[in-house]
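Below is one structure, written out as structure tokens; comments come after it.
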Amino acid sequence: MLFFALLLKVTWILAADGGHHWTYEGPHGQDHWPTSYPECGGDAQSPINIQTDSVIFDPDLPAVQPHGYDQLGTEPLDLHNNGHTVQLSLPPTLHLGGLPRKYTAAQLHLHWGQRGSLEGSEHQINSEATAAELHVVHYDSQSYSSLSEAAQKPQGLAVLGILIEVGETENPAYDHILSRLHEIRYKDQKTSVPPFSVRELFPQQLEQFFRYNGSLTTPPCYQSVLWTVFNRRAQISMGQLEKLQETLSSTEEDPSEPLVQNYRVPQPLNQRTIFASFIQAGPLYTTGEMLGLGVGILAGCLCLLLAVYFIAQKIRKKRLGNRKSVVFTSARATTEA
């Protein structure tokens, strides 16, 4: 009963409309959130664009330690279409180490883009978005008795952000969720998922991450989140992404409204500091920047080759001229003799 009550509070705070109707676009879209939810206009909002040349390396940042995430558990997990995202409940036996306090898991959910789009993540790294993003939500159970109490306190929540890109093969871990989406096609529908290792949803290596203070990315946008965004990415197949983009509806019945593009745009950093657990090996370039760099290098090489060619031609002509002069002088000397 206690867990069910906790789940309701999680749903109310992190996914429900709190008494107001909100969407990602249109008259109730994210540009208008601050009207009904003042904290959405705050100066410590999430998500953000992480510029790696501006982050601060902190050697004292301990590694994130997910406890219990690799255990299968005994109880099925609730999967819910709340009209804004697909949300999976997590048992309180899951918690994080490596943070200032004990943070207990509550739920996870996904953000993605339009059908056919490869840009649907909320956080960006060097202005580059990925196909989707997984958020794993925790609350400070050491200091507060409930998630609803912790949600309005500084660093009351801790959220793990996992960027998801498209790879060549399917990811079996994500199929635990994606294979059930047809059962919750419409808003407010729920189903059960057999217990599985939640850790398999994460990237294999968790040592490299970014850390900053931010907010919930949906109303009421409480500025109470200690964010950890992993540098390594998880991968799903194109078919799995299409299933995520094409299955769900944000409405309760037909005519249905596709549940797509459920991500908030990056918010101003406003002098906040982003810490990194690792030293950047070098500048990280976006695809466009890499393409521009490649074109620039090719153009430079072409100019260099042309310059060498013209210099060689000039030297060759000069040598030919000198040779003719020598021949002419020799012939003249012979005649005079």
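Cβ atoms here come from the backbone N, Cα and C positions, even for glycine.
Since this is a predicted model, take the numbers as computed values, not measurements.
For reference, Swiss-Prot has these:
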type	residues	note
ACT_SITE	His84	active site, proton donor/acceptor
BINDING	His109, His111, His135	Zn(2+) binding site
DISULFID	Cys40-Cys221	disulfide bond
DOMAIN	20-278	domain 'Alpha-carbonic anhydrase'
CARBOHYD	Asn213	N-linked glycosylation site
MOD_RES	Ser325	phosphoserine
TOPO_DOM	16-290	topological domain 'Extracellular'
TOPO_DOM	312-337	topological domain 'Cytoplasmic'
TRANSMEM	291-311	transmembrane segment
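Structural mapping of features recorded in Swiss-Prot.
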| residue | record | DSSP (3 states) |
| --- | --- | --- |
| Cys40 | disulfide bond | helix |
| His84 | active site, proton donor/acceptor | coil |
| His109 | Zn(2+) binding site | strand |
| His135 | Zn(2+) binding site | strand |
| Asn213 | N-linked glycosylation site | strand |
| Cys221 | disulfide bond | coil |
Open item on the list: List the residues in the vicinity of the Zn(2+) site, defined as same-chain residues other than His109, His111, His135 with C-beta within 8 angstroms of the site's C-beta centre.
Closed with: Thr85, Leu108, Leu110, Glu122, Glu133, Leu134, Thr217
Task: Distance from the residue listed as 'N-linked glycosylation site' back to Cys40 (disulfide bond), taken between C-alpha atoms, in Å - done: 15
Open item on the list: If you measure from the CA of His111 (Zn(2+) binding site) out to 10 Å, which recorded positions from the list His84, Asn213, Cys221 are inside that radius?
Closed with: His84
Task: Nearest-integer angstrom distance between the alpha carbons (Cα) of Cys221 (disulfide bond) and the residue listed as 'active site, proton donor/acceptor' - done: 14
Task: the residue listed as 'N-linked glycosylation site' and His109 (Zn(2+) binding site), distance between Cα atoms, whole Å - done: 20
- [ ] For Cys40 (disulfide bond), list the number of other Cβ atoms lying within 10 Å of its Cβ atom.
- [x] 25
Task: Pairwise CA distance, His84 (active site, proton donor/acceptor) versus His135 (Zn(2+) binding site), rounded so that it is a whole Å - done: 14
TODO: Rounded to the nearest Å, what's the C-alpha distance separating the residue listed as 'N-linked glycosylation site' and His135 (Zn(2+) binding site)? Just drop the number here, would you?
DONE: 15
